[in-house]
Amino acid sequence: MRRQLRSRRAPAFPYGYGYRLDDQDEVNQNYLADEEEEAEEARVMVVPDLEEEEKEEEEEKEEDEKEEEESHHQDTRSAWWQKLQIVNEYLWDPEKRMSLARTGQSLSLLLVIYFFFYASLAAVITLCMYTLFLTISPYVPTFTERVKPPGVMIRPFAHSLNFNFNVSEPDTWQHYVISLNGFLQGYNDSLQEEMNVDCPPGQYFIQDGDEDEDKKACQFKRSFLKNCSGLEDPTFGYSTGQPCILLKMNRIVGFRPELGDPVKVSCKVQRGDENDIRSISYYPESASFDLRYYPYYGKLTHVNYTSPLVAMHFTDVVKNQAVPVQCQLKGKGIINDVINDRFVGRVIFTLNIET
């Protein structure tokens, strides 16, 4: 600063003038003050100029970005428009008068070729199906060598085959009673006497004639189940802790018990103490499916056929604990030990009677 003052000091006046040294200092101070004011004004002017330049640069960047986005959208639109034009020209080209890159004559020829091709294919398939159906009888299965031995089912329905109920609480067993009553409606004595015939027991009921001829069915009356018929005890023993469970074999067309011996039913404790079940009564008393209900001729001709039943009356079962029960079919040709299928020749369920 002192150097600037020295360089800008006012010129020396000749001796002829009457100025004093104090006047020279005052002049130098005035120069210094003027320079400071100019510097301050320059600083004040420079700051707004820089801010304005930054704002202008930001605005220019934003404008450039907008222009880039608009150009990108325009490029995208133009690309889509070009694709649509290509598709439109492929579907119909008015200049060449072509559709799908083919003339009308070539398209007509192509349609004719495809028509005859698919018509021939449909005719071959129809002929094969017709020939196949000629060899299949709707009344008798063609292939029976792979049919498994009969499986079994029980009534009433129970969730997971677990019969859990409390004797003193009717709400816990009433649904079993309703299920049994509904299932046995088709076995009512009056209905069986009206629809089916009274067949002699102990022998097959073989009916000759055409396979499409209606077949007769033997009576299986509800009264055959005695204490488990619901006629004498409407609760089927559930109110006294002596439940009845009905078992039937699945129907198989043409099935006959081998050697002329009826298939029997046997129940026991599956695992655990065998004394958990001390007494079981079977109805009919033979605990078997009589031969007169076989063979079965199929639902198309054996319309009124009624599957025979065996009722198990569990009269003395340990209470207040779960008892696993297994009921098996016994007879020649019957398989009842398949591990992977618990319903082939046997059924397993649980009794849990609370008091």
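We number each residue from 1, going along the chain as drawn.
Using the three backbone atoms N, Cα and C, a Cβ is placed for every residue, glycine included.
As given in Swiss-Prot:
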| type | residues | note |
| --- | --- | --- |
| COMPBIAS | 49-68 | compositional bias 'Acidic residues' |
| REGION | 35-76 | region 'Disordered' |
| TOPO_DOM | 1-108 | topological domain 'Nuclear' |
| TOPO_DOM | 130-355 | topological domain 'Perinuclear space' |
| TRANSMEM | 109-129 | transmembrane segment |
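On the 0 to 100 pLDDT scale, the topological domain 'Perinuclear space' (130-355) averages 93 in this prediction. According to DSSP, the secondary structure content of the compositional bias 'Acidic residues' (49-68) in residues is 20 helix, 0 strand, 0 coil.
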